[in-house]
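Chemist: Pulled these features from Swiss-Prot for this protein:
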- 1-10: signal peptide (SIGNAL)
- 45-137: disulfide bond (DISULFID)
- 46, 48, 50, 67: Ca(2+) binding site (BINDING)
- 47-63: disulfide bond (DISULFID)
- 62-118: disulfide bond (DISULFID)
- 66: active site (ACT_SITE)
- 69-111: disulfide bond (DISULFID)
- 79-104: disulfide bond (DISULFID)
- 97-109: disulfide bond (DISULFID)
- 112: active site (ACT_SITE)
């Protein structure tokens, strides 16, 4: 309960060396308190490393869109999304990205922000965790 209550307040997160740590913090902020960010790895066809086929549900679509967003950041903007740090704030149940528009930092932050908010608004279906990707994807 204390964790849930603390997430309702505002939190400033300083830039970190690895974007994936920042993305993890965004996910923690938006998902239900009874879940951990680790439950969102190996979920569906796209949540986790790689991805193929058709997303199995809305949550998996969040990961599909995030993968494509990272792909666009790499190809169109020559960014490295997995290591690009950025400035952001978690406040009032939303996420604000602060870096200048068009910069790699802002592009990657927007990818992560969109995915984290999508996770928070999507149903988690336990049967889609660790699915047989060869069969269902």
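Please read every residue number as a count from 1 along the shown chain.
Cβ coordinates come from backbone N, Cα and C, glycine included.
Burial and contacts for the listed features, if you can.
Modeler: Taking Cβ-Cβ distances under 8 Å and a sequence separation of 6 or more, the neighbours of residue 137 (disulfide bond) in its chain are 44, 45, 51, 52, 53, 54, 56, 131.
For residue 50 (Ca(2+) binding site), the number of other Cβ atoms no farther than 10 Å from its own Cβ, over all displayed protein chains, is 9.
Using a 10 Å radius centred on the Cβ of residue 47 (disulfide bond) and all shown protein chains, the other Cβ atoms total 25. DSSP assigns residue 47 (disulfide bond) to a strand segment in the three-state reduction.
Look at residue 118 (disulfide bond): DSSP puts it in a helix. Same-chain residues at least 6 positions away in sequence with a Cβ under 8 Å from that of residue 118 (disulfide bond) are, in sequence order, 58, 59, 61, 62, 65, 66.
Counted within 10 Å of its Cβ, the other Cβ atoms near residue 66 (active site) come to 22, all protein chains included.
For residue 111 (disulfide bond), the same-chain residues 6+ apart in sequence whose C-beta sits under 8 angstroms from its C-beta are 66, 69, 70, 73, 81. Look at residue 111 (disulfide bond): DSSP puts it in a helix.
Mapped onto three states, the DSSP output places residue 104 (disulfide bond) in helix. Remark: residue 104 (disulfide bond) has 73, 77, 78, 79, 80, 84 as non-local neighbours, by Cβ distance under 8 Å and separation of at least 6 in sequence.
Every protein chain considered, the tally of other Cβ atoms within 10 Å of the Cβ of residue 109 (disulfide bond) stands at 26.
Sequence-distant neighbours of residue 112 (active site) (same chain, 6+ residues apart, CB-CB distance under 8 A): 19, 22, 23, 26, 66, 86.
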Chemist: Could you tell me the C-alpha distance between residue 109 (disulfide bond) and residue 47 (disulfide bond) in angstrom, no decimals?
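Modeler: Rounded to a whole number, the Cα-Cα distance is 18 Å.
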Chemist: So among 46, 48, 50, all listed as binding-site residues, which is physically nearest to residue 63 (disulfide bond)? Use the C-alpha atoms.
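Modeler: If we rank 46, 48, 50 by Cα distance to residue 63 (disulfide bond), first place goes to 46.
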Chemist: I'm trying to understand the geometry here, so how far is the Cα atom of residue 48 (Ca(2+) binding site) from the Cα atom of residue 97 (disulfide bond), in Å to the nearest whole number?
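Modeler: About 23 Å separates the two Cα atoms.
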Chemist: Counting other CB atoms within 10 A of each CB, which of the recorded positions 46, 48, 63, 97 comes out lowest?
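Modeler: Each of the recorded positions 46, 48, 63, 97 was scored by Cβ atoms within 10 Å; lowest is 48.
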